Amino acid sequence: MEASKVIHAIYTDDDVLMSAVKKVKAERFHIEEIYTPFPVHGLDKAMGLAPTRIAITAFIYGLIGLTVAIVMMNFIMIEDWPQDIGGKPSFSYIENMPAFVPIMFELTVFFSAHLMVITFYLRSRMWPFKNAENPDPRTTDDHFLMEIAVDGNAEVLESLLADTGAVEINLVDKAH
Amino acid sequence: MYTFSNKLKTFSIALIIIGAIGVAYGFMTSHKSFAEVETLLAVEAHHGGDHSEVASHDTHAGVHADDADVDGHKEHVEHVQHQIANRPWSALYVAAFFFMMIALGVLAFYAIQIASQAGWSPVLFRVMEGITAYVLPGALIVLAIAVASGTIGHYNLFIWMDPEVVAHDKLIQGKAGWLNIGWFAVRGLIFIAGWSLYRHFSRKFSIAQDTAEDNSNFKKSFRISAAFLVFFIYSESIMSWDWIMSVDPHWFSTLFGWYVFASMFVSGVTVIALVTIYLKSKGVLEFVNENHLHDVAKFMFALSIFWTYLWFSQFMLIWYSNIPEEVTYFVTRFNDYQLPFFGMVVMNFVFPLLLLMNADYKRVPWFVVMAGLVILFGHYIDIFVMIMPATVGDRWFIGIPEISSILLFAGLFIFVVFTALTKAPLLVKGYPFRKESEEFHY
């Protein structure tokens, strides 16, 4: 791979950023990444990012949690040692089911929530002691940064970005 | 302005007529003589139909317990005779209550939207106001049927109205200070007056706001909505004890009011969705978009789960402790109403849970309509299972009296609601959050 260069265009307003994204997309340049201090509503749509599938994983994790709860309590309370505890019918799972529902519910939520969060961390590559990948510390406060790959067309890109209202345009070598 | 299409008007009137004929048929065929019931029971016993005397003595067991010298056979036949006579009354009452509670649920939802200054829903206000037009006639009909069952009828819904029953029943005697026809009717009228007054004034302010120069009407409706919500939660609780829980005067449950409320709330929101989709398909609600539908469907989804939570909380607490005087309520339902009792949990919980969980599906009108019809039918069954075990016992069936009663009140509901919708423009013009609501997107 050749030595990759990127342009960092910095904005100070999310509305300007949004219109800049639309213009850059219209000119068919590829936006590598955008760094913002807070969620900008509609940015993912403007960038054309694929929708997240994390809700689907959460649903599947919930089903797993429900299954764990049912199998666990069926084994412990019904199959392994079906004691008479206060007259509760432990002959079959369904007969004593109402007593298990609170646990079934909680485990469904527990699995769904925790596994989804862990999935989120893995997919977004976030963990303790991870080195921050921030190209410019100002993007955590009040600046927005758009990173565009340069493919021998730096001048065209720079003038386009200057038109979109960028306050600062830097050509940087990206040391991978 | 919306015009009530002739087609829909004819349809609603046809429903009323067909329903009325069926209801009349139900009443005509339910008065069986002692001998007729005797032969009916003999035939059933012959065919192996096991309507054992023990099983059917659910609600009236305590009533006749003292009369030890009464012949068991005669008592059983009279009991069944009474149950058969109760059926058209109960069918009518369940359907009347079901449509009344839809309108009342919408009224509560409307008040909440105004009191919480919701920014998404103002474009749906006129739809809600149209539906709440049914509160006054609907609630009066329910109260009238309840009172008539004790005065014109032969105590066909509420056994505590029967002086002979009360005379032999210590438990009901102890509750007679609350459960007597006079005070029952007065309470009902107070509730209906409160609800319809709020409905009348909020509608008046809403229409006045359309042409007003300032926000004074909006402020007034905000204030009365807050006050109404306080009145509503008290009156709704008491209404649910009176109109539903007292069909089983030996039984009580503390979260019953909330449970009935959840049922009416989710049915109301579902009907908002259905009427909105209908009007949108007629092209008279251009300002309503799929985002509004999405929000309504989210309410349908969340409130279905809320209903299930209360249903289960009531059921599980009683099942777990298994105290004889409480648990008979569910024993009857387990023995004689297994399919409706568990079927409604599937329709009111499992179905909406799986169908309306996906965000994309909530934006598809026909999908919301299908889910909504299942929810509405499920909540009809919910009311059915609240009333029927106490009145007809194991002699229930969803046949001509039940279906005709639904048709009758569905026709009346459609007629009243869509007539009310023609009375004002379908967009609240001067409402402060109108613009926000029109541009609402999720």
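Placement of Cβ uses the backbone N, Cα and C atoms for every residue, glycine included.
As recorded in TrEMBL:
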type     : residues  : note
TRANSMEM : B:12-28   : transmembrane segment
TRANSMEM : B:91-112  : transmembrane segment
TRANSMEM : B:133-157 : transmembrane segment
TRANSMEM : B:177-198 : transmembrane segment
TRANSMEM : B:224-244 : transmembrane segment
TRANSMEM : B:256-279 : transmembrane segment
TRANSMEM : B:299-319 : transmembrane segment
TRANSMEM : B:339-357 : transmembrane segment
TRANSMEM : B:364-390 : transmembrane segment
TRANSMEM : B:396-421 : transmembrane segment
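Of the candidate ranges B:91-112, B:177-198, B:224-244, B:256-279, B:299-319, B:299-319 contributes the most Cβ pairs within a distance under 8 Å of the transmembrane segment (B:339-357).
Same-chain neighbours of the transmembrane segment (B:133-157): 82, 85-86, 89-90, 92-93, 96-97, 99-100, 102-104, 107, 165, 181, 184-185, 188-189, 191-192, 195-196, 199, 243, 247, 387, 391, 409, 412-413, 416-417, 419-420, counting only residues six or more beyond its ends whose CB sits under 8 Å from a CB of the stretch.
Counting residues 6+ beyond its ends, the transmembrane segment (B:91-112) has Cβ neighbours under 8 Å at 23, 26, 118, 125, 128-129, 131-135, 138-139, 141-142, 145-146, 149, 157, 195, 198-199, 202, 225, 228-229, 232, 236, 243-244, 260-261, 263-269, 271-272, 299, 379-380, 383-384, 387-388, 401-402, 404-406, 408-410, 412-413, 417 in the same chain. When the stretches B:177-198, B:256-279, B:299-319, B:396-421 are ranked by Cβ pairs under 8 Å to the transmembrane segment (B:12-28), first place goes to B:396-421. Beyond its flanks by at least six residues, the transmembrane segment (B:299-319) meets 109, 253, 255-256, 258-259, 262-263, 265-266, 269-270, 273, 326-327, 329-330, 345, 348-349, 352-353, 356-357, 362, 368, 371-372, 375, 379 of its own chain at Cβ-Cβ distances under 8 Å.
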